[in-house]
């Protein structure tokens, strides 16, 4: 099928929203997502069927092909016919490695359905559970694809009955997760049911797959599969692939079970749009109206060396055309579209227009970032935007980078800026004291891949420090009220600090409590769910990005309103670098009880207010049993039962603790937690102690206090590394 024909077909079909499906492929690392995508691409004539499965067309970064894992969420529009009708399938391949789960979160926002790929031997792994939970939270309907069924025959040598039991076991586990994380109105309908056909069994590498209804129609059963793999030549396997092509099985299921944008947006918009559902924008989105105002949700920014920044996202309403002016809600500016296109893997194909319900790539919006909402410029005064994306992990590992060749410094700074635009989970900052460029990421692999991208895409070789784990500072007790004076002694602030309880931290972290909420609504939730005093909760006036809260309990203080913005800026700055080790503060409630403000604006500028606010917060902090929090990783390890002892020995040696051990078939599953600081050589140790027979997944679990026995040692090391005085600051240092 010639390629241009497909692009034409895709563009004309995009206008009929009942013929559009937006689906993603999600899974644990190495369970076969990208291979699955390739096989689908081959079927629509985009890559040659001979190399599908090895082409890794969607893994178009060199890094991805070498490591065999997907780093970026790539997307592509496919054409597929089912029951005599043509359909457009917008397909997004998402990374499965936990270090890149930020990209998964962004992709899910634009999908209506997901193909969950599970390895038949390894079963449900941590990352499968995480992405499935995320997709159910975003109201994305799952279809199950049990991949690598050949391993049950070739490696485990199971009989047809044993194979069936194994597959049913995986289906049961997926349904348990849907039951646990799905919303009540969708649970029943979205359950995986082999008879209905929303589970596919197959092997993406060998290009065959079928659902039960398809197998019955074509007269295939598990015995045919076993025969295909036990036969002496490949002809039976090729026959199986011809009789039950995987692309037909998966895409037919997607068309049948994934809702079209008109159906999906009716129930997804109320979940992901925060704003009035009665205004014109929301109404247009609820109906996926191509003639309404434009609402374009941007989930990905890529740097194209020839064209500049390309914004990719979903058109929830309206129709994108070049020349159209859009208002960027977060950037608070308007920009004009220069070009509209759709992605066919790494290449962009130009389009005159892309209507609601589709995925589009746009040039001209270079002020946008991932998570931006772009709307028709005439609606800039209408309140609302998409709910903030919740990333499952936080950057927890940092390295300092400098170019090997000092002449490359400006080039490196520019490249780092571009990388951080493409990947919002990569944080780039300059250490003011040492002038070092610091790169923070979700894990060791995330940073390694970023450095490889620097080398390959921008030609910059860098020298790096060994990875440093990022800590947070916090407190464990309530302080008294301290007075903070401004340097000119004309302004005074009376502040105290106390730790936030776990429930409050959870509500802020998962986005239930937001700074921009109605104060009464916020107070009601905090009172009912986190035991706050209602009146105190109503007076929260700021929440920063590290889950700290500022409460204003003053009444009738003269001139306070005029300087309140400066006070809050002082609070945010103080929270960025705590007194213990200049690490960010987390989980602290700062209460302003009273203040004295000078009447003359000349005497109450930022240079006076910032130190006064900071000093009283820090004095309180140091008297409240301060501590450091370290990032903890959750491990999910599968290992033959006789090697459990070897694995637990490695974990306990690394200050880890075992949470659970269970038996699945002939493997044991160990769930454990271990500090990120101890995980640096974890992979090689696990491999060494199990002779390479353990496979595992990791994900960020939580922040936990560093044990008191090593606290001082850790603080001293961080202070030394940052060039700070060895001795810790005292309360008196902040009280002048």
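For all residues, glycine too, the Cβ spot is worked out from N, Cα and C.
In Swiss-Prot, the feature diphthamide is attached to one residue out of 31, 603, namely 603. Listed in sequence order, 120, 163, 167, 201, 202, 203, 225 are the same-chain residues at least 6 apart in sequence whose CB falls under 8 Å from the CB of residue 149 (GTP binding site). Within 10 Å of the C-beta atom of residue 603 (diphthamide) sit 14 other C-beta atoms, taking all shown protein chains into account. Residue 27 (GTP binding site) sits 58 Å from residue 603 (diphthamide), taking the C-alpha atoms as the reference points.
Taken residue by residue with DSSP, residue 603 (diphthamide) is part of a helix.
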